[in-house]
Amino acid sequence: MRLNIGEWVEQGVDWLATYADGFFQVMSTGIEGSVDGISGLFLWPPAYVFIIILTLLAFWVGRWSLSLLTLIGLFIIEALGYWEPTMNTLALVIISTLLSVIIGIPLGIACGKMDRLSSIVRPLLDFMQTMPAFVYLLPAVTFFGLGIVPGVIASVIFAVPPTIRLTELGIRQVPHDMMEAASAFGSTSMQTLWKVQLPVAMPTLMAGVNQTIMLSLSMVVIASMIGAQGIGAEVYRAVTQLKIGQGFEAGLAVVLLAIIIDRFSQHSLKKRNTQKQGA
Amino acid sequence: MSIINVNGVTKIFGTQEQRAFTLLQQGWSRERLAKEKQATVAVNQVSFSVEEGEIFVIMGLSGSGKSTLVRMLNRLIEPTAGEIWLKDRDISKLNDVDLRQVRRKTIGMVFQKFALFPHRTVLENAAYGLEIQGMPKDERYKKASEALGLVGLNGWEDKYPDELSGGMQQRVGLARALANDPDVLLMDEAFSALDPLIRRDMQDELIALQQKMHKTIIFITHDLDEALRIGDRIALLKDGNLVQIGTPEQMLMEPADEYVERFVEGVDLSKVLTAAHIMRRPETVSLDRGPRVALQLMRDIGISTLFVVGKDKSLQGVVTAEQASEAARSGQSLQDVMTTDIPVVSPDIVLNDLFALSGEVKLPIAVVDPDGKLLGAIVRGAILGALAGNVPNGAIAEETEGVKPDAAQHR
């Protein structure tokens, strides 16, 4: 006997592609427009002007070491000639992170409050994280066509689980007596959420968002296989043409971008906390 | 006037609370319910009332249901059965909106592990209850500052809870509850997480605060010393059942059953019993009498010293048999020969503090009220006798009448 799950999935995908086409069109236009808008914004000033802006921003969120890292890292990327694809990638990462946060945090909060929902969502997340990305890349192409949009979708599917999981964890970790105190003083459940649960869960939640950022960055090479422009496409091209040196250069640009984004997000989180503590 | 009336309140944990409660009423035991129905009777049909302005202590060992009981008073835990009257409203029947109003305005709570919000400053913590009522910032910060002032935390408003010591954190917890100006304060093991010295200070301060603000306080503790120190009345819980309610003295002197007796057995009497407990009726002679009258009185009663008092019963001095006969021989008055430099204590001094004094002096110790009126006398044997468990019954009876009006200072 053979299970025909594959056939069912194909039928399902076909059905969606036929009947939900309008919905996918709208989504596609929206995502493509925002990615293009952001990368256009980043590429609008000359590269060195934008590097200086980011360096100053780095000084504001972090310390001089972060701004030095930003300055040197971005300068190397520019000098390697990967400025434009890097900015495209950055736009892709920003949009997929934004989408992940918009989907992940409310879902994580809901899972933190509802055990039943949590027990449904958890295996789904396992599925999303372990299913090889190529497998859902194909249906994404069916729905959204080639280009940046299926790349964003694939990134979100792959990157949203940590935000959901860690938001849920953060909500569940709020000590019981704090919850009791909140209700003993007559908080509504919304007040408890906004004034107690979310602020207390914030560090855990932000760790999840940081993971999401890094995971969506790690999707850029895979996304380039379905036509998403960006630094991943450079890596992919170099690899398929067996250009070792070029591949290494493009890979280095990915690493530098990853390090800078990671430190940025960690520092902005820390800044929040120290502002709270030191005020 | 009683402000809270709890009537037959019961909490059963388990999947079939109501069914289990029916069985409980039919006479099933706690053990049988646990075994056959997997239902835990945490609080079993408890009734009591709390007077306005008193500190009512609910005491019991862990697992006795005291925390569950106090949480039913503001319905952090829903009662399985019973009524909880706060003035003229039955809390157990309030809908969510009304319950929230009661929690916001009428009942404040202080928690064992403080339960402060770590992301808020001391001031923001204290203002939390007002903030969720939608009070404007200036106004709620003003009230929160006042509450912090009451607990002695002025100048700490901008700190975060983790920058404060345990004792100070609990002051914030107390200020947070006081800022709403509730009529009733629930304190769940509020001082149990503090070290003993800080704990004593907090107890003293709570008593002082209560005298100033006249809140009704329901205080949960597992610590008998604490209960005896701060409680106007104490309710003792065991396995969810109310075993005894009474004043600290009653719990010690007239334990309702063996359990209470065992519970209070280990108590350090020297820290609980006061001068008022062990003093005897003083033998006195009026200042305007002559030495011969004094000698006659001594002979009649068979003692060698008398307290000399004025018309208003104010203590003037002590006269011994030798002094009286000396005066009789030389024609002096009692005033000329009596000793005026005598040991004097207030009725609320604990035995522990009496030891040192009793070792130094030969004369009986006089117990006087703040106006200098003589209340009683402590002879040397009485202190040791009391520690051995022999408290003169007459003294207690007298004390419960005579000292009651001073109950506020009597701790």
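Glycine is no exception: its Cβ is also placed from the backbone N, Cα and C atoms.
Marked as domain 'ABC transmembrane type-1' by TrEMBL: A:86-265.
Residues or ranges marked as transmembrane segment in TrEMBL: A:42-61 (among others). Same-chain neighbours of the transmembrane segment (A:42-61): 67, 69-71, 74-75, 78, 83-84, 87, 90-91, 264, 267-268, 271, counting only residues six or more beyond its ends whose CB sits under 8 Å from a CB of the stretch.
Residues or ranges marked as transmembrane segment in TrEMBL: A:66-83 (among others).
Taken from TrEMBL, the feature transmembrane segment applies to A:89-112 (among others).
Residues or ranges marked as transmembrane segment by TrEMBL: A:133-160 (among others). Using a Cβ-Cβ cut-off under 8 Å and counting only residues 6 or more beyond its ends in the same chain, the transmembrane segment (A:133-160) has close neighbours at 13, 16-17, 20, 24, 27-28, 31-32, 35-36, 88, 92-93, 95-97, 99-100, 103-104, 211-213, 215-216, 218-220, 222-230.
Per TrEMBL, transmembrane segment is recorded for A:212-232 (among others). Sequence-distant contacts of the transmembrane segment (A:212-232), counting only residues of its own chain at least 6 positions beyond either end whose CB sits under 8 Å from a CB of the stretch, comprise 82, 85-86, 88-89, 92-93, 96-97, 100-101, 104, 133-134, 137, 140-141, 146-148, 150-152, 154-156, 158-160, 162-163, 250, 253-254, 257-258, 261-262, 265.
According to TrEMBL, the transmembrane segment annotation covers A:244-261 (among others).
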